[in-house]
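Colleague: A single structure is presented below for examination.
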Amino acid sequence: MLGFLKQPVVVSAEINVNLVALTVMGLVNRLWALSYPQAVVFDEVYYGQFVSLYMKRIFFVDDSGPPFGHMLLAFGGYLGGFDGNFLWNRIGAEYSMNVPVWSLRLLPAVTGALCVPLAYQILVELHFSHCAAFGAALLILFENSLITQSRLMLLESVLIFFILLAILSYLKFYNLQKCSPFTAGWWFWLLLTGVACSCAVGVKYMGLFTYMLLLAIAGVHSWHLIGDQTLSNVSVLCHLLARGLALVVIPVAMYLSFFYVHLTLLYRSGPHDQIMSSAFQASLEGGLARITQGQPLEVAYGSQITLRNVLGKPMPCWLHSHKNTYPIRYENGRGSSHQQQVTCYPFKDVNNWWIVKDPGMQQLVVSNPPRPVRHGHIVQLVHGITTRYLNTHDVAAPLSPHSQEISCYIDYNISMPTQNLWRVEIVNRESDTDVWKTILSEVRFVHVNTSAVLKLSGASLPEWGYRQLEIIGEKLSKGYHQSKLWNVEEHRYGKSQEQKEREVELHSPTQADMSKNLSFMARFTELQWKILTLKNEDTEHKYSSSPLDWITMDTNIAYWFHSISGAQIHLIGNVLTWASANVATLVYVCLFVWYLLRRRRNICDIPEDTWRRWVSAGGLCVGGWAVNYLPFFMMEKTLFLYHYLPALTFQILLIPAVLQHLTDHLCRSQLPKNAFSALIVAWFSSIYLVYRTFSPLTYGEPTLSAAELRALRWKDSWDILIRKH
C-alpha cells in the first residue's frame, strides 16, 4: 500500500531560458526608477481624475471609451492605499505624499514589460525561428515610444498587451486545432482569446480593430472547417459553436461585466450626473436621489412638477418661464406676441415649477384620492409663480421662424385667444392606459389646436432672453426625437389653492422617495449611448498630429519638463526601428504581390509550407497594422502620436519575419547569407545605440545640456524643449 514511497517523487519541468531572460529584461527596462518623476506627466492629469473618483465611489462618464482600463488604473491606486485626495489640475504638478506614484504606474509598466515575451512567442507560433522571435522581442524591448508610454499612468501599453495576448492565444489555439482539438489546452487558448479580446475592447475602443481582425481570421478558418470532408456534421457544428461561445458570447458577457462593476463601484452622485437622465440620476446616492427622495410616483391633476428635457443638449435644462415678455419686435424686424417668455433653463430654479391642471376644473390642488394623468389626457400647464398658462399660437418663434412661439398667455384684449390645451403622450408606455410617472415616463406634449409639439431647439436666446435656450412648437412633427421628450424630475402634490401659500410651497424642497432604481441593462444602455455620442469640444492641441505624420515620426510629444533642471520626457520613437518597420511592410507587400502573381502562373518560388507561413504572418502583422492605422483617416477627433503605437507594434513584429524570409529564400549561397547576417547584427547594434541616445528623453534622466538637447533634434519638426537661462 505504501510502496509508492519507496521511490522519490520527481517533478520535471522545461524552462525556456529565452522567455525568462526577455521577461526579466522587460521588467527591468520598464520598472527602473518608475516613481520618477514625482510629478503629473501629460495625460496622467486626465486619468488621475478618474482614479480619484473611483477611490471616492463618485460616478463619472468618460467619452474616450469603456471603463475597464480606468478600473485597472484605479486598482493600482487601491493597492497603494490611495485615498483619492489629489488635485489633478495641471501637468507638472508635484505629487503629494499620499499619492502612491509607483503603484499607480505599476500596472501599465508590467503589461508593457510582458509585451516583450509575448512578441517572442507570437513569432514562434507563426513558425519562425527562435532567432527571429528573439529579434522581435528585442525590437519591442528597445522601442523608446513603447517604453515611455508604459512607464506612466496611461493605457496604451495595457491595450497593446491584451491585443498581443489575444493574437498569441488564437495562434496557440489554431496550432492545437491541427493535432488535438477539444482538449483542455485547446479550450484554454480559445477561451483566453475571447477574454483577451474583450479586455482589449474594454480598455479602449481601438481594441475593437484587432478583435474584428481576429473574428475575420477565425471566420476564414471556420469556412475551411466546413469544407473539410474528414469531419462529420456534428463535429463541424461543435467547432462552430465553440468558436461562437468563446469569440462572441464570452466577450459580450465580459464587456457587460465591466460596466456592471463600474456602476456598482460608482454609486454616488458626481460631476457628470447632469448629462444623464433623471431616472439614472435618481439611481445614484445623493444628488437628485436626495432631492427627490419620497416623492409621489404618479402625476395627478394638481401636481406641481419640473420638466426636464430628455435630450440634455447642448446642456441639461428644465422648462422655465419668468415675468419678462418677448420683445415687440426682434432685431430682424419680425414681430412677436409680446407674451411671457418660455425657455429652457440649465439650472434649478423656482421658476421651473409648473402645475398640471384639469381643463374642466379650476382647482390647482390634488384631490383626495388623486386623479392620475394618463396617456392621451388633455391638460393645461400653469406656471407656478406667475400662474400663467403654457400657450402656443400661429406666431413665429424668435430664433426658429418656421416653428411656433411658445409663451405663457397674457390677455392683451387684442383678439389673440388663449390656446393652452396640451395632450400628454407617453412615448415609453406599455399600454394606452399607462399613468404618467415621475422620472420614468418620457412624455411628448402635443398642442391640441395646432398639433405642434413642445420642443427644445437648442439655440441660445439673445440678451433679452438671458441667453437661455429657445423652446418652440414644431409643426408636422414626426418621430420621437429626444428634443421633443420631457420627464418629470421633481414632483409634489399641490395642497394650497391660494397663490401666496402656493408660492411658499413651490419654494420649499421636495420630500420624496424615488426608490425605483433602473435595471442594470437600462443604466448600461444609457451610459453606453452617452459614451458613444458625448463629444467634448475638440480644440487644436499643440501636440496633435495627423496620421500621415506618424509613419515617418515627423511629430513628437513633450510629456513633461522640469523648469529648473531642464529634465524632460518625450514620446519619441526609435527612429531606426520606425524606418525599418516601414521598409519591412513595403518589402512584404511587394514580395507578396510578386509571389501571388507567379503562383497564378503556376510558378511556385517557395515551398507550400513557407507560403502559408508568409501569408499568415502578413495577415496578422500587415493586417493588424492596417486595421489599427487606416481608420484614423476617417476620424474627426483630435489625434496624437500615441494612437499609432498599436499599429507600430504589428509592424515591428513583421521586421524579423521579413528578415528571416530574405535570409532563407533570397540568399542562395553561404557567402550572401553571412554578409546579410553581419548586416543584421550591425543593424541591431544601431537600434540599441539609437535607444541609448534617446533614453534621457525616455526616462527623464540624466539631465542634458542645451547643446546635447539640440543634438537630439534629428528632425526640424520635433519640439525638443530647451531651457532659457
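Quick reminder: no glycine exception, Cβ is built from N, Cα and C everywhere.
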Colleague: Which residue range, 5-25, 26-46, 68-88, 131-151, is the one TrEMBL calls transmembrane segment?
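Modeller: Residues 68-88 are the ones TrEMBL records as transmembrane segment.
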Colleague: Can you tell me which recorded stretch out of 186-203, 579-597, 641-659, 671-691 has the most Cβ pairs within less than 8 Å of the transmembrane segment (68-88)?
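Modeller: When the Cβ pairs under 8 Å are tallied, 186-203 comes out ahead.
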Colleague: Can you tell me which recorded stretch out of 154-174, 208-226, 579-597, 671-691 has the most Cβ pairs within less than 8 Å of the transmembrane segment (617-635)?
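Modeller: Most contacts with the transmembrane segment (617-635): 208-226.
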Colleague: So if I exclude everything within five residues of the ends of the transmembrane segment (579-597), which remaining residues of that chain have a CB under 8 angstroms from its CBs? That is, six or more out.
Modeller: 551-552, 605-606, 611, 614-615, 617-618, 621-622, 625, 648, 651-652, 654-655, 657-659, 661-662, 683, 687
Colleague: Would you list the DSSP helix, strand and coil counts for the residues of the domain 'MIR' (431-491)?
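Modeller: Split by secondary structure, the domain 'MIR' (431-491) comes out as 6 helix, 27 strand, 28 coil.
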Colleague: Could you give the number of helix, strand and coil residues in the domain 'MIR' (370-427) as assigned by DSSP?
Modeller: 0 helix, 26 strand, 32 coil
Colleague: Please report, as numbers and ranges, the same-chain residues at least 6 past the borders of the transmembrane segment (186-203) whose CB is under 8 Å from any CB of it.
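Modeller: Distal contacts: 65-69, 72, 155, 158-159, 162-163, 165-166, 169-170, 172-173, 176-177, 180, 210-211, 214, 242-243, 246-248, 250-252, 254-255, 258.
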Colleague: Run through the domain 'MIR' (296-359) and tell me, per DSSP, how many residues are helix, strand and coil.
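Modeller: Once the DSSP states are binned, the domain 'MIR' (296-359) shows 3 helix, 30 strand, 31 coil.
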